[in-house]
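> Would you mind keeping the following structure in view while I ask a few things?
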Amino acid sequence: MSPYALSMLMSSLAVGTIVTLSSHHWFLAWMGLEINTLAIIPLMTKMHHPRATESATKYFLTQATASALILFSTTINAWMTGEWTIMNMTNPTPTVILTLALAIKLGIAPFHLWLPDVLQGLNMLTCLILSTWQKLAPMALMMLTSHQLNTNLLIAMALMSTIIGGWGGLNQTQMRKIMAYSSIAHLGWMILVISFAPSLALLNLLIYLVLTSSMFLMLMTLNSTNTNKLSISWLKTPTLAASMMVTLMALGGLPPTSGFLPKWLILQEMTKQHLGTLSALMTMSALLSLFFYIRLSYTISMTSPPNISNSSLTWRKKKNLTYLIPILIIMSATMMPITPTLLLLN
């Protein structure tokens, strides 16, 4: 792809998200979401592969359906209330439609089926953008309307997302599908607490972005797309392989890594809301996700490929984007001790 076309598409992605984040009018927010969708589709199809075309088609159809539902719900709300303000979603019918539309946009269960298939057909950089940057605008709209959304519907989708996100990743060998199910599970934790404490949902989103970016950048550096390739990563860069284990433990939510922080605070908030049974179910569903993260750590550290290379380093290893990885790894592992500071910021 031409550098000029690539820069224009990346700029359009940034503009679409900023327009949605800064808007107070529903039509302007919808325009930002559409700019986002139209900007990422050429990035998906730049590989000129049938799987990439299939992924782009699935993504376009699901996002177009979600955008139509958002426009439909906001039009009904404007018809009933007489205004297009984002913060004024008082009627239950457009609110439920909006919740379902944003769930489709984000890939929250039971509207999650498109996400693993779409990610599997893309390259790692596009997967990184789709799993991180593309979540910002819909999640911002959900946070803005969180005090008016149906709490029972959000709790049901959150529990379903964490169970499906953990269950679906158990039998996967492709890293992109594993990261897709990881994204579904993390989004479940975010929408669980979004109507009780939006600041905790924002903290969870920020930590999810750091962990997912770190994981994808490491996979890009090691050129690992499945668990077999992951098993020889210690031959290429032993330090990076060890760091990947820490990031995987953080994604699973083990202390003292950063991933434990949002789960701990969310469970504490759920207990304050007298939702002890729900907290127990969420904790047990998190164990499903933790199992396949531990399995990946075992693959990296304790398994050997059938044919071990004689060379100690990979020939002409790529050096791109490596300056970001140490910063993200440090943030993945060390945000837990500064919990009081983060809580004060919220």
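Yeah, the Cβs are placed from backbone N, Cα and C, and that goes for glycine too.
TrEMBL labels come from automatic prediction, so no person has curated them.
Given the structure is predicted, the values throughout are model-derived calculations rather than measurements.
So TrEMBL has the following annotated:
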- 23-288: domain 'NADH:quinone oxidoreductase/Mrp antiporter transmembrane' (DOMAIN)
- 26-44: transmembrane segment (TRANSMEM)
- 56-76: transmembrane segment (TRANSMEM)
- 96-115: transmembrane segment (TRANSMEM)
- 153-171: transmembrane segment (TRANSMEM)
- 234-254: transmembrane segment (TRANSMEM)
- 274-294: transmembrane segment (TRANSMEM)
- 290-342: domain 'NADH dehydrogenase subunit 2 C-terminal' (DOMAIN)
- 321-345: transmembrane segment (TRANSMEM)
> Using Cβ atoms only, state whether the transmembrane segment (274-294) and the transmembrane segment (153-171) have three or more pairs under 8 Å that are 6 or more apart in sequence.
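Taking Cβ pairs at least 6 residues apart, the transmembrane segment (153-171) and the transmembrane segment (274-294) are in contact, with 3 or more under 8 Å.
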> Report, as numbers and ranges, which residues of the same chain sit near the transmembrane segment (96-115): CB under 8 Å and 6 or more residues beyond its ends.
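Distal contacts: 33, 58-59, 62-63, 65-67, 69-70, 72-74, 76-77, 89, 135, 138-139, 141-142, 145, 149-150, 153-154, 157-158, 160-161, 163-165, 180, 183-184, 187-188, 191.
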> Quick one: mean pLDDT on the domain 'NADH dehydrogenase subunit 2 C-terminal' (290-342)?
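Reported value for the domain 'NADH dehydrogenase subunit 2 C-terminal' (290-342) is a mean pLDDT of 71.
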